[in-house]
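As written in Swiss-Prot, here are the features:
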SIGNAL    1-33  signal peptide
REGION    32-51  region 'Disordered'
BINDING   Gly234, Thr235, Ala236, His327, Asn332, Pro333, Arg334, Arg345  heme b binding site
Amino acid sequence: MQYKDENGVNEPSRRRLLKGIGALAGSCPVAHAQKTQSAPGTLSPDARNEKQPFYGEHQAGILTPQQAAMMLVAFDVLASDKADLERLFRLLTQRFAFLSQGGAAPETPNPRLPPLDSGILGGYIAPDNLTITLSVGHSLFDERFGLAPQMPKKLQKMTRFPNDSLDAALCHGDVLLQICANTQDTVNHALRDIIKHTPDLLSVRWKREGFISDHAARSKGKETPINLLGFKDGTANPDSQNDKLMQKVVWVTADQQEPAWTIGGSYQAVRLIQFRVEFWDRTPLKEQQTIFGRDKQTGAPLGMQHEHDVPDYASDPEGKVIALDSHIRLANPRTAESESSLMLRRGYSYSLGVTNSGQLDMGLLFVCYQHDLEKGFLTVQKRLNGEALEEYVKPIGGGYFFSLPGVKDANDYLGRALLQV
């Protein structure tokens, strides 16, 4: 029996096809002595047991090599006073510590009561390389909790840039969680757990889920993720393994004259950027590469051979090789002045179905960390205003936040230095 596909081409029946596959498999020798390996696109058996340290000077999820799955969730805080806010931060610390290190799922002693765990990971909650990074927004420092004098000096409410089309429902938040793991199941489980434990303290404001390719995640930072415009995203990132450089670029330090509690934290800029992918896919390759300033396949700056080659703008003052308004040239002109605007990018792609106009709703969850929001993201974005890429991208949400310093030990909790001032 045969079937026809949508083009009228005859296809063999499923039974005959499977029989043929079985015969082919039977004729192939099997190397039983070889070590079993994970198939491409799947995680190794040990990946579920990967874990990141929870205690330390800084929160995990900032310098951590990017995991495959990610979620941004902004919340409004429902706490009634400062004591309630402390209860929230202590509770979040406890949940983050357990979820990131793994353990047996709690049993429900009375079946007449709701289960203590969602159960979506089964009886054992594997760490799965989970990190949950807590950041606070400008609005947390209003009159509710008496924290205004302790607000980080550069923290501010995100305002509109010329190309923005911001949706108020997708902006800002008292707190923001960046949840990352090897698999989306673990990310979803973590969110469910946190919401279950904080019904009187937190209310979800907005949420977006992101991803990078599994092979990029498995490279542990050695392979640059590719965004949904088909270009490598994050090539020019500073080396996150260079502690001295991270002190200069990412972490707030004592010499910045910030409130003392902020030392060890970082300013976080979040932008939800929608791509016009159908329009982009109809754009000639040469124009795409001119807009970015890079070769689409290799990621190399135009006129160069390798992804991490450093462009020499001094030898191309008129932009004949790399256009003056190209993305990479505007974002980082590589001058002495632009050294102060370095930041660590940690972006993810998103795909949400279709818009009301029938266009694919795809884009970028842009996240970056820096020790100074004004010198970092804000300065870079001002340079990018009017770039050629704006025709294909539209920022629709996000916000500016401050990622809290880390938790020193089991007696400490996130935000303790802020709340005990």
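Every residue gets a Cβ built from N, Cα and C, even glycine.
Feature annotations (Swiss-Prot) mapped to structure.
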| residue | record | contacts (Cβ under 8 Å, 6+ apart) |
| --- | --- | --- |
| Gly234 | heme b binding site | Thr224, Pro225, Arg345, Arg346, Gly347 |
| Thr235 | heme b binding site | Thr224, Arg294, Gly299, Glu307, His308 |
| Ala236 | heme b binding site | Ile328, Ala331, Asn332 |
| His327 | heme b binding site | Ile291, Phe292, Gly293, Leu384, Glu387, Ala388, Leu389 |
| Pro333 | heme b binding site | Tyr313, Arg383 |
| Arg334 | heme b binding site | Val310, Pro311, Tyr313 |
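Under the three-state DSSP scheme, Asn332 (heme b binding site) falls in the coil class. In the structure as shown, the Cβ atom of Arg345 (heme b binding site) sits within 10 Å of 20 other Cβ atoms. Note on Asn332 (heme b binding site): other Cβ atoms within 10 Å of its Cβ, all shown chains, come to 18.
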